[in-house]
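Copied over from TrEMBL, here are the features:
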type	residues	note
DOMAIN	8-175	domain 'Sugar phosphate transporter'
TRANSMEM	33-54	transmembrane segment
TRANSMEM	75-96	transmembrane segment
TRANSMEM	102-120	transmembrane segment
TRANSMEM	127-143	transmembrane segment
TRANSMEM	149-173	transmembrane segment
Amino acid sequence: MLVLYFRACSIGLVFLNKYLLSSTDLKLNAPLFVTWFQCVVTVALCFSLSFLSQKLPHTVTFPRMTLDMKISRELLPLSVVFVGMIAFNNLCLKYVGVSFYYVGRSLTTVFNVVCTYLILGQRTSARAIICCLVIVAGFLMGVDQEDASGTLSVLGVIYGVLASLCVALNAIYTQRYA
């Protein structure tokens, strides 16, 4: 049930961000502001839940929020990658349609395999590498078809690839720091 809720929220945010970044009614040309605002709201929610869990420990469970500069410095790469992930996702959405957004983001698994090897030194099976080649072929076919339909945004594809890289790095750094 939790996975279903997460997917619904995730897809809902994709459509909301697409509306915010591409609506002719809003004309909001500020993808980085949208990213910043989403991060500020997330931090505010975390502090609010932390406060509520201290006041109502039997009702709300959330870790206590503290600021430790040593830990903050250690987690800086994770924070930079996280902000990059959200920013590049929003920039990708600004330049491509929602359907192609998922094609643009399809390289996450490939980057995960490559970065896991480069950063963590973990090898991957030949079968997984073959799957990655199939993913790359599908990505290239999607780009080709978007180009054939006349709606390809090279900038959107670049942002999508960078978003995929940041999503993979976020997963790896989260695993490393957990």
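Even glycines carry a Cβ here, placed using N, Cα and C.
Keep in mind that TrEMBL annotations are predicted by a computer and have not been checked by a curator.
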Contacting positions for the transmembrane segment (127-143) when only residues 6+ beyond its ends and CB under 8 Å are counted: 100, 103-104, 106-107, 109-110, 113, 152, 157
Mean of pLDDT values spanning the domain 'Sugar phosphate transporter' (8-175): 93
